[in-house]
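Database features, via TrEMBL:
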REGION    90-141  region 'Disordered'
COMPBIAS  106-131  compositional bias 'Basic and acidic residues'
ACT_SITE  284  active site, proton donor
ACT_SITE  419  active site
ACT_SITE  512  active site, proton donor
ACT_SITE  532  active site
BINDING   616  Ca(2+) binding site
């Protein structure tokens, strides 16, 4: 029999189990609370980063391209600052979803649903992302991530809105109507003839530039570029205000003189010199920054009465920092230079051909402005040294060792890494009247046309044998048609533009690389809104004044508007078939693409005259006045020697002077007698009347003006052009 104590403890067993369960539950709750307290800040910070990096919540961490992350506080301050100081924020309304697409599921421009293999692409902010912070009445300076020259306090108090483009009151400035996701062409055409109204198209191009420019100043400044999807700044070069300097002269060329003057003031305020401890590409810094500075200086000197030459010392400071890169045994420069310390100790001597040979326009103009010949001499020596190492076919490779002068890549052509060297031969001769450059130009151009083409297409070839390489067409090659038009090769230029127009029927934007053997994409299917095709359309139009080229240009402008536009700018195309976007707006979209499109529809613009030559980055520089000579002392143009038999072309037909250059007499007679290109609205109307060039159903964009009463006579007895460019 149990005692009293035993009887008292017997009922406590269930109670003990209950207390044990309560204790375990309490421990679990406490651990959960502790875990939540430990992880909450990290989760909150991650969420904040997602907002400002604009990454989907289901993306992997490593799927987001690496770039500087603005801390949450600084990012919020940046948004508050820009929203508070931007006087035109109400003019850039948020996009409404296209009809038939639910707002809750819309991605920018109704992009297709993302696939698993597209997770590396950044799209616009999703509806489930937290909202942006409300505008603040106080202005908080953005904390900088890199050391800036001068006093950081100066930059902290700079208001980039001072250089923003004010609103236009033009009746046709309808580019940013919130309920209009696609462009209404009727606003830009004559209702009776359906011909383009040049004035309204100019306004459209100017409005698109205004959006990209204001978007950069509001969201991207003081960084190099604008991340057009996440609406943040993006470092792409040396953190030296790339878009600000590269695009400044476009303001003046579009007639926006007040913002242009304020931009010059902004540049000189935030950038007193280039004393930056940063490694930069000599080529990119030359064509974008130095070219932008000397071009803006030339324009401001002529068109701004208040300008006192503030940009020239800045350009000279940058030119001096270039010179250490040329201290090699050959005179061919290194590809990279540190703006404070010179060439980095571990820098490779291998440099691309274009990087070494495309410096003369900018550095030569700097020599002319400053009276210091060092810049011109260094750039010219580099170009001549590269040319002296050509093959017996007069072809160049695409990479060379700057110390030994040995070619490290022997693929030749007119694509990237070599393209702008050919461009600068003719343009630099036109600007500086240097006969050495003319001699090189003639040989180099003939060699490319003789060895670098197959069936009329320019393809990569081996520099020593002329053998065809990969058979790919590169988007960068599109500049060649405009280059040919600038010195009179109009038939070849037109054929090339026709082919590019046909490709734009297959793709909304030309891919970076296209295999012309199989007509398939090669893996480089992106397009960063490149200007090369637009550039060729512009230069060919300046030569022939064919209205069909303006139709083509308007179609390209319309595609930029419809396919690349985002909330705060224009984004690069990640894939030309899916039309996904990259989170980047290149500076050359404002500095080149929109500039050429604007000038295409402004024939009375001062910059459409022959006294300006455009660099490869579309910066205009003045053609220098040649020294006067007596009439009897003027030398006759050098005859082009006949091509040798091993060039594959034995044509020895006479040459005649035409369009400031020599061209084939047979071609000149054909153009004069049958195409009547110099007389708009007469003769053969470009693509519309060449059915053997245009496949059935192709290039409908050029048929829109058919109702305008244009003369559509067939090509005369001289024959027609076929797709291979033969006569």
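Just so you know, the numbers here start at 1 and follow the chain as drawn.
Just so you know, glycine gets a Cβ as well, placed from its N, Cα and C.
When the C-alpha distances from residue 512 (active site, proton donor) to the recorded positions 419, 532, 616 are tabulated, the minimum falls on 532.
The secondary structure of residue 512 (active site, proton donor), as reduced to three states from DSSP, is coil rather than helix or strand. Each residue contributes its Cα atom, and for the residue listed as 'Ca(2+) binding site' and residue 532 (active site) these two points are 9 Å apart.
Annotation for residue 284 (active site, proton donor): spatial neighbours 237, criterion Cβ-Cβ under 8 Å with sequence separation of six or more. Annotated pair residue 419 (active site) and residue 532 (active site), C-alpha to C-alpha distance, rounded: 11 Å. Taking the Cβ of residue 532 (active site) as centre and 10 Å as the limit, one finds 25 other Cβ atoms among all the protein chains shown. A 10 Å cutoff on Cβ-Cβ distances gives the residue listed as 'Ca(2+) binding site' a total of 26 other Cβ atoms nearby, all chains included.
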